Amino acid sequence: VHTFSNTFFVVSLFADAVVPITCFIIVCLFALQHYGTHRIGFFFAPIVLTWLICISALGVYNIIHWNPHVYQALSPYYMYQFLKKTKKSGWMSLGGILLCITGSEAMFADLGHFSYTAIQITFTFLVYPALILAYMGQAAYLSKHHILHSTYQVGFYASVPESVRWPVLVVAILASVVGSQAIISGTFSIINQSQSLGCFPRVKVVHTSDKIHGQIYIPEINWMLMILCIAVAVGFRNTKHMGNASGLAVMAVMLVTTCLTSLVIIVCWRKPPILGLAFLLFFGSIEALYFSASLTKFLEGAWLPILLAFILMTVMFVWHYATIKKYEFDLHNKVSLEWLLALGPSIGITRVPGIGIVYTNLVSGIPANFSRFVTNLPAFHRVLVFVCVKSVPVPYVPSVERYLVGRVGPPAHRSYRCIIRYGYRDVHQDVDSFESELIDKLADFIRFDGSRNTGENSLTGDGFRSSESTGECRLTVIGTVGFSGPPAYEMDESDQPASVSVGFQTVDSVTDVIEMAPMPERRVRFAVDDESETGVRSEKEMPMREELEDLWAAQQAGTAFILGHSHVKAKQGSSILKRLAIDFGYNFLRRNCRGPDVALRVPPVSLLEVGMVYVV
């Protein structure tokens, strides 16, 4: 909108080039996004600063030169008099007046890219005063020029002195491009958080900064936004309809934000309900006035944000609904612990060397995809870890509270459950660091459990806090602070390979599963107690030592990641709407979004996918 508005100024000279120039600027803007906000911001920041100083200086000039008493217009009394005098026509004009603030609110959508303090200081002491001075300057000019005797369609340029008009136009076009950056960056953050909460299909998220984790780039969303922006510029071809669409979108955002803030006041801040209601009535009534005025422009462009919002809400609802139904299916079809413990050589089941990491959404029980895997391929790994990655509705999860580890069955079965919790703004680890850290936590848990069984309960200190699970085992929070003794294991860095992941080339036969790819020789020693250094071995510590040695041997043999490859179908007798949503909507989104192996960053060579049909 801002880019088109400024290029519209040169329509008298380049009448046929406005739309192509706008499209070219849009393509260039989106092509720069993969460099990251910190690099783009380094280039854009001087432009924004120059623009804010420019409009402030022009505002001060017009106030002094045309009407020094215009500051009185800041009083709400004149707004009341304006509405009282103009009545319906004044109310309908509020939709256009709203455009004075569109764009300035977008900087609050960049909370994932900049700190709270930076945004608050910038808006309070730079952006807001510059806007006030700019619009007061235009009001001062228009108070003396009720009829514009110029060919300019935009009152702002009419108030700019002739000698600096073209330089101001150049800065304005550059600043409008920068203003669009705030919306793009905010969109990336919102999509990423929605994806973490299971409300949006999986997309590729690229972290563009090593220091600020919230600075991200999403290629799919970037190019979709570019196509939509070009379509709007070509389709509308004028600023009136685009302004109406922008105004309604901004007012809808403000109104929804006010409603949600009133709930936050009551639910999160635990303030009296009367305070939340007062907040809603005061700000909501003002915003509802503007919103109702924007709705009168529905047929003149304001329909676009409503249509886009409807499509986006449909996608999010279908994805979230199907995700919940899949989880309920897993919950109802999970296998009992007794089934897992009964698997053994007596019924033809082979335990192969290595670590098998089974991804599941369940926090208890054995997932159905693992039972299907064992039924069709009667072998599983010597060390089995059921990993459940949970996104919790908080921004960050402290590293000391991220891993919950417990046993599945007796120690001799060598099966574990690990729940890994991420906040919606946490950065997921790459597979190598995740695998190494997971094994570290398993080793720490084995030592802790062994020490607990020998009566040394004092070790449940800063690093370990126990919590009862609702099922077969006790889950323990494994923090970053471990034992005061030696580490869980010691590794010779000189002989360490680049990756500890070794998978299967094919899964056409049981032999392919049993034959692991060779690992480079590594000297790894798990440590248990200082007594081992002096040769004193306690019989109670021998099971713990053997378990650590089994874990080390399994790590040496390699790791495989077992994921379910799902196909979802609506059950017989479902309504037409549900069949459309599940059979067509969800499956279309699933086929065209990134798979769980990509989202979890699983290396293809170590991946085993188990087909599952979900009837929901």
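A Cβ is built for glycine as well, from the same backbone N, Cα and C atoms used for every other residue.
According to TrEMBL, the domain 'K+ potassium transporter integral membrane' annotation covers 14-341. Residues or ranges marked as domain 'K+ potassium transporter C-terminal' in TrEMBL: 353-614. Annotation source TrEMBL lists transmembrane segment at 6-30, 42-64, 89-109, 121-141, 166-191, 212-236, 248-267, 274-296, 302-322.
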Within the same chain, the residues 6 or more beyond the ends of the transmembrane segment (274-296) and with Cβ under 8 Å of it are 91-95, 97-98, 244, 247-248, 251-252, 254-255, 258-259, 261-263, 265-266, 302
Taking contact to mean 3 or more CB pairs closer than 8 A (sequence separation of 6 or more), are the transmembrane segment (212-236) and the transmembrane segment (166-191) in contact? yes
What mean pLDDT does the predicted model reach across the domain 'K+ potassium transporter C-terminal' (353-614)? 71
